[in-house]
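Colleague: Could you have a look at this structure, given as structure tokens, before my questions?
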Amino acid sequence: MLPDINVYKILEIIGTIAFASSGAMVAVKRRLDYLGIVVLGVTTAVGGGMCRDILIGQTPPGMFLDPTNTIIAFWTVNCMFLTIRMKWSQLLHLQGETYDNIMNFLDAVGLGLFTATGVNMAISAGFGNNGFLCAFLGVITGVGGGILRDILSGQTPVVLRKHIYACASIAGAVSYLLFMQAADHNLSMFLSSSIVVMIRLLARKYDWNLPGAQ
Amino acid sequence: MLPDINVYKILEIIGTIAFASSGAMVAVKRRLDYLGIVVLGVTTAVGGGMCRDILIGQTPPGMFLDPTNTIIAFWTVNCMFLTIRMKWSQLLHLQGETYDNIMNFLDAVGLGLFTATGVNMAISAGFGNNGFLCAFLGVITGVGGGILRDILSGQTPVVLRKHIYACASIAGAVSYLLFMQAADHNLSMFLSSSIVVMIRLLARKYDWNLPGAQ
Amino acid sequence: MLPDINVYKILEIIGTIAFASSGAMVAVKRRLDYLGIVVLGVTTAVGGGMCRDILIGQTPPGMFLDPTNTIIAFWTVNCMFLTIRMKWSQLLHLQGETYDNIMNFLDAVGLGLFTATGVNMAISAGFGNNGFLCAFLGVITGVGGGILRDILSGQTPVVLRKHIYACASIAGAVSYLLFMQAADHNLSMFLSSSIVVMIRLLARKYDWNLPGAQ
């Protein structure tokens, strides 16, 4: 038996939490204030979906019409803020490599589900016969938030530099489109997200990187 | 008696001038050429409204359909350019702290009025029942230009770092929405803008900053 | 005799190739990986048109509906990648100043044609009576890709800093609008593009720069 759609809702929430945390961590490292941390965290979590919605002309973007994810991201960032400020993470021994591994796994789950959700929304919006557009919208949903986070915090987007991050998203988007030819929505989402998670975990474990030109 | 709506038009022009000047000053400090100064100045003044219009799907953005503010920003930047190039500011003794204080006050007025205008436009566009969206559109109208200015000039947006700038805008947007429950447009705009100006002046005077996480 | 419209199609392809190459070169210099090179190259080539389409509400942007230019940009970047990786450019003696001169010329052609195309699309979309909007959309089509490239790679956009690049585009857009009063589309495109190319070549040869404020 495949998981029910509500399981995906829960997984998407997990992805939102992971993305919001990663944005908040970048803001903390750049010594931004409370509001900067909130903005970067929330942007990382919902920015990809916002880019997708603007590109297909669904305005105002979904993050305003159904702000569930926006609210989840907001509270996630606040918990992160408190945790770091109160130094609770030391009490929980959630530090260094353990913490990195947990975050990396959640982030991979988020990337996979956001990518599949993005492709799915593009199909729902009636662009199903334009595979290139659907795949692109899936990828931008997955990586757009991270790109906005990096632009706002003044660094070259990580997705352009490291660890086949966008590549995993591209693989997920394309495989979702392929699976949809033969399987239903649930199965496609499960399989394509699994592919993304697997690529990301392997890329981290074996330190895969794309070649540069020199 | 509350001021007539034409007073707000004048105040909005003052805000536009202040925003355009701040953009031009950043460009001058980064040693950009004449065109860079014009682009940064105009973007700072009208960029927030452009972001708002794209988010609610009012395309082309108002800055093109009614370019009054765009033109005012353009001539402001040209005056700044001439003033600095001709060193007239030294003749007028408009330097250092006096200049900073004047600019900070004008900028606060602009922030307050732009924020309230943004909320007002969101209500006019029919999003009055979505308070979160209205408040966000108000804030993006107020701070969006400054964020674009900082992204274009390659620095982490100041609003994420300093002096409760975005906070003042958020307070203004939320209070505008609250005042609108009980009062008319003019009174709400007056009160909410005053709140923004007051917060900004106090924040500067007493060097208020939001806490960071560490 | 003026060239047929198909000649312009070919020239636009040349412009796309030049823009994609310039984006790829920036990515190579910043040591981005293969995907970063592809993203920067393609963004530089089609990003200006994407900005224009979002601003006038033509969503999804043309780069997805008719991906010819996107595909050309993609293959251009791949050829660049191979050429640099295999060090073929040394075999062809396409290095240093010769290479720079060729790229600069192609880039000028691209800038001229993209600018005129942008103005033309704005007129087709029904904004012909708003000269300011048409000119702006032409300029953003011409320089928008380069601005996105520079924001993504974390530097102050070159167009704000150097060699009357945006100025040439502005001159092209305005002259296209003027020529359209008296001549047909083909002649206007030919003349305005020639003006852009001429300004760019002269600016490079005589090292023209706009004055700064100091």
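Glycine too: its Cβ is placed from the backbone N, Cα and C atoms.
Below are the features I grabbed from TrEMBL:
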| type | residues | note |
| --- | --- | --- |
| DOMAIN | A:10-83 | domain 'Glycine transporter' |
| DOMAIN | A:105-180 | domain 'Glycine transporter' |
| TRANSMEM | A:6-27 | transmembrane segment |
| TRANSMEM | A:34-55 | transmembrane segment |
| TRANSMEM | A:67-84 | transmembrane segment |
| TRANSMEM | A:105-124 | transmembrane segment |
| TRANSMEM | A:130-152 | transmembrane segment |
| TRANSMEM | A:164-181 | transmembrane segment |
Colleague: Six or more residues out from either end of the transmembrane segment (A:34-55), which same-chain residues have a Cβ under 8 Å from its Cβ atoms?
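Modeller: Cβ under 8 Å, 6 or more out: 16-17, 19-24, 26-28, 61-63, 69-70, 72-74, 76-78, 80-81, 114, 118, 121-122, 137, 140-149, 152-153.
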Colleague: State the mean pLDDT for the domain 'Glycine transporter' (A:10-83).
Modeller: 89
Colleague: In the domain 'Glycine transporter' (A:10-83), how many residues does DSSP call helix, how many strand, and how many coil?
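Modeller: Going by DSSP assignments, the domain 'Glycine transporter' (A:10-83) contains 62 helix, 1 strand, 11 coil.
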Colleague: Which bits of the chain, at least 6 residues beyond where the transmembrane segment (A:6-27) starts or stops, bring a Cβ under 8 A of a Cβ in it?
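Modeller: Counting only partners 6 or more residues beyond its ends, the transmembrane segment (A:6-27) has Cβ contacts under 8 Å with 36-46, 69, 72-74, 76-77, 80-81, 103, 106-107, 109-114, 117, 145-146, 149-150, 153, 186, 189, 193.
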Colleague: Provide the three-state DSSP residue tally for the domain 'Glycine transporter' (A:105-180): helix first, then strand, then coil.
Modeller: 64 helix, 0 strand, 12 coil
